[in-house]
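Remarks on the structure that follows.
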There are 2 protein chains.
Amino acid sequence: MPADALNAALLPAGLHDVLPSEAAHEAVAVERLLAEFAAHGYRRVDPPLVEFEENLLSGAGAAMAKQTFRVMDPHSQRMMAVRADITPQIVRIATTRLANEPRPLRLCYAGPVLRVNGSQLRPERQFTQVGVELIGASEPDSDAEVVLLAVQALSAIGVPHLSVDLCVPKMVERICAGLGLPDDEIRALRAALDRKDVAAVAEVGGPAAALLETLMSASGPADRAIRALTAVELPEEAELDRRRLTSALAVIRAAMPTLTVTIDLVEHRGFGYQTGLSFTVFSRDVGEVGQGGRYQAGVGKERSTGFTLYMDYILPAIPVAAAPTRVFVPHGTPWTVAAGLRADGWVTVAGLAPVTDAVAEAKRLQCGHRLADGVVHPVE
Amino acid sequence: MPADALNAALLPAGLHDVLPSEAAHEAVAVERLLAEFAAHGYRRVDPPLVEFEENLLSGAGAAMAKQTFRVMDPHSQRMMAVRADITPQIVRIATTRLANEPRPLRLCYAGPVLRVNGSQLRPERQFTQVGVELIGASEPDSDAEVVLLAVQALSAIGVPHLSVDLCVPKMVERICAGLGLPDDEIRALRAALDRKDVAAVAEVGGPAAALLETLMSASGPADRAIRALTAVELPEEAELDRRRLTSALAVIRAAMPTLTVTIDLVEHRGFGYQTGLSFTVFSRDVGEVGQGGRYQAGVGKERSTGFTLYMDYILPAIPVAAAPTRVFVPHGTPWTVAAGLRADGWVTVAGLAPVTDAVAEAKRLQCGHRLADGVVHPVE
């Protein structure tokens with residue numbers, strides 16, 4: 001078996017070892033993201049890898065039930081689930097342990113999740129989620145805050161050419177319900193919209209047809225979409241969605257005037273539990289890098305929003321920091337001398353025994369420099 | 001149920017949520033440890049949380065078999081194990097994927113592990129392991145390097161009053177075998193030594209009795225132990241152990257003259273797979289904070305050493321960094337103004353809607369400062 005195939009066979013499909021430079025790359029990016037969240041007042045929490053199944057897979061977590069590994073807890077004789085998503089854990093912490101903390105409650109997190117199956121687009125079964133939750137906040141400014149924070153944090157780690165697509169996943173249903181359409185027609189319309197099938201929308205749309213066609217054709221650049229939405233008459237609940245969307249967009253525009261923002265007025269896929277303004281962040285060359293939106297947290301249905309960034313999508317998009325400069329420190333160099341080099345920012349690689357050719361040894365150990373006679377020399 | 005009990009009941013025994021200040025505290029300490037390892041030339045790797053059972057539980061991992069959760073992999077129909085120890089994973093990476101990298105190979109890691117049972121002393125079933133492996137290094141200087149690095153890194157994060165206890169877990173067996181004792185007598189002696197039972201050692205020790213009594217009574221301050229060991233005649237293999245121990249101690253002494261170092265010449269418990277110089281690092285008020293030692297890595301039995309630090313033991317010993325200074329930024333403050341404050345090191349907490357009493361709102365949101373008229377004011 002060739003070395004690559006042998007290596008791949010060592011691990012189950014969709015699981016991999018993160019090797020030297022890549023592991024440092026990911027760690028630096030994650031810490032930088034968390035530092036941005038912290039600077040905006042988001043405090044880090046770190047839930048465990050496993051929890052009782054019924055806690056992890058209730059509410060927002062229910063969608064992940066089929067993607068979740070279970071193990072028996074020998075202590076309680078109850079089933080535990082290995083987390084496939086961190087958001088439900090943060091919601092649990094916010095609404096139980098931190099129920100008495102003042103609202104809005106800003107929390108952030110980073111950690112690995114494990115899934116039973118990869119997908120064709122994403123064969124990985126373990127990846128790192130990094131995100132924030134803004135719990136107990138209903139204002140359009142809170143919708144804007146998380147969009148801006150996602151973009152700001154991704155920019156800070158060097159993700160290039162960012163754009164944001166806003167949507168309100170429940171708006172179509174609210175329009176149809178507001179116009180008195182029965183549930184089965186709403187489902188047929190939803191399917192037609194998902195196919196972007198204009199003819200079918202016209203056919204089954206009834207009183208909503210014209211309005212939905214307008215929304216479909218108005219999707220695109222944010223300002224145009226808002227103008228189109230303002231020009232039509234909307235049922236009451238959808239009109240509230242429009243006002244919130246308009247307010248949040250104004251805050252986003254004021255903060256980041258050059259950010260590319262689009263609005264998809266009929267999108268809802270991938271936003272199963274979102275109840276209000278939702279969004280996807282894209283980087284031009286790699287596609288989707290994060291997703292978030294408004295939801296109701298816990299049994300008390302606290303109005304909340306947040307986002308999750310996926311490190312496996314993000315890392316290919318960002319520049320790798322220059323490898324640190326390694327200096328070979330020959331055997332017998334006093335500890336204080338090597339410590340002095342480290343204090344100056346060098347990575348020291350100690351010789352563990354005398355060698356006759358220090359230059360060759362430095363090269364062999366992948367050092368670009370070596371210490372000789374108390375001075376650091378480059379190694380050609 | 002009182003709030004504390006209710007909260008505790010949310011999670012399985014031995015698993016817990018790391019809440020705001022504590023989570024940041026742990027993250028900062030882990031990154032600082034990894035930065036120290038990196039400065040010494042150790043490169044970070046990050047293996048997955050689960051692996052095929054037979055890989056994870058072979059060799060050095062076999063000891064953890066009863067402590068390891070298993071799940072079925074639906075893809076391969078093989079059993080996977082959730083890691084209960086990271087060291088076997090690093091050894092696997094070093095001896096397979098990185099088999100062609102030059103030796104010595106310096107690797108480091110940090111991550112969570114999960115265990116089936118807690119112990120009375122350590123009820124936790126999930127904790128963070130942080131450590132290094134120095135693969136393909138046989139010199140006494142490599143033994144010294146990992147001891148020094150453990151102490152240096154723990155000092156760097158503020159663990160106070162460190163001391164190191166050295167041992168050579170296999171030395172007693174080598175002495176007894178060298179003196180021709182049969183296996184059953186060696187086992188009886190080993191048990192007597194574990195009980196520190198001088199009378200039993202004298203009784204069952206035969207030709208080794210006097211020597212072992214000397215080793216028992218010489219255990220303690222390192223220099224005294226080395227002197228006692230040098231004064232007696234040792235079988236050949238044990239004599240090699242003595243020379244290596246003496247050489248490594250000299251390097252440690254030269255680098256850190258004020259470090260408290262003890263030697264236990266008859267210790268072996270907790271060092272199941274170590275083959276040579278091993279060590280435990282203590283912090284005076286919390287006890288053991290890390291452990292390491294020499295072993296043979298992989299099927300090629302590469303001579304290696306390393307150590308693991310346990311964050312759950314370490315965190316109570318180190319000072320918590322001052323909480324960052326939070327400034328309340330009222331609703332409507334321009335993004336650039338808040339960004340300017342963040343660039344100056346402030347944590348900004350945005351008001352999401354207008355409030356009538358900004359001082360009260362700042363206090364409610366746990367901000368020690370607030371922005372008003374473009375100036376940061378302390379909140380009394």
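For all residues, glycine too, the Cβ spot is worked out from N, Cα and C.
The feature domain 'Aminoacyl-transfer RNA synthetases class-II family profile' is assigned by TrEMBL to B:29-330.
The L-histidine binding site annotation in TrEMBL covers B:Asp85, B:Ile86, B:Thr87, B:Arg115, B:Gln129, B:Glu133, B:Arg269. Annotation note: B:Gln129 (L-histidine binding site) sits in a strand segment as assigned by DSSP. Here B:Gln129 (L-histidine binding site) comes close to B:Asp85, B:Ile86, B:Tyr109, B:Ala110, B:Gly111, B:Pro112, B:Val113, B:Thr308, B:Leu309, B:Tyr310, B:Met311: these same-chain residues lie at least six apart in sequence, with C-beta atoms under 8 angstroms from its C-beta.
Looking only at other Cβ atoms within 10 Å, the busiest spot among the binding-site residues B:Asp85, B:Glu133 turns out to be B:Glu133. There are 21 other CB atoms within 10 A of the CB of B:Arg115 (L-histidine binding site), with all protein chains counted. Shown are the binding-site residues B:Thr87, B:Arg269; of these, the residue with the fewest other Cβ atoms within 10 Å is B:Arg269. In the structure as shown, the Cβ atom of B:Ile86 (L-histidine binding site) sits within 10 Å of 22 other Cβ atoms.
The DSSP secondary structure for B:Thr87 (L-histidine binding site) is helix.
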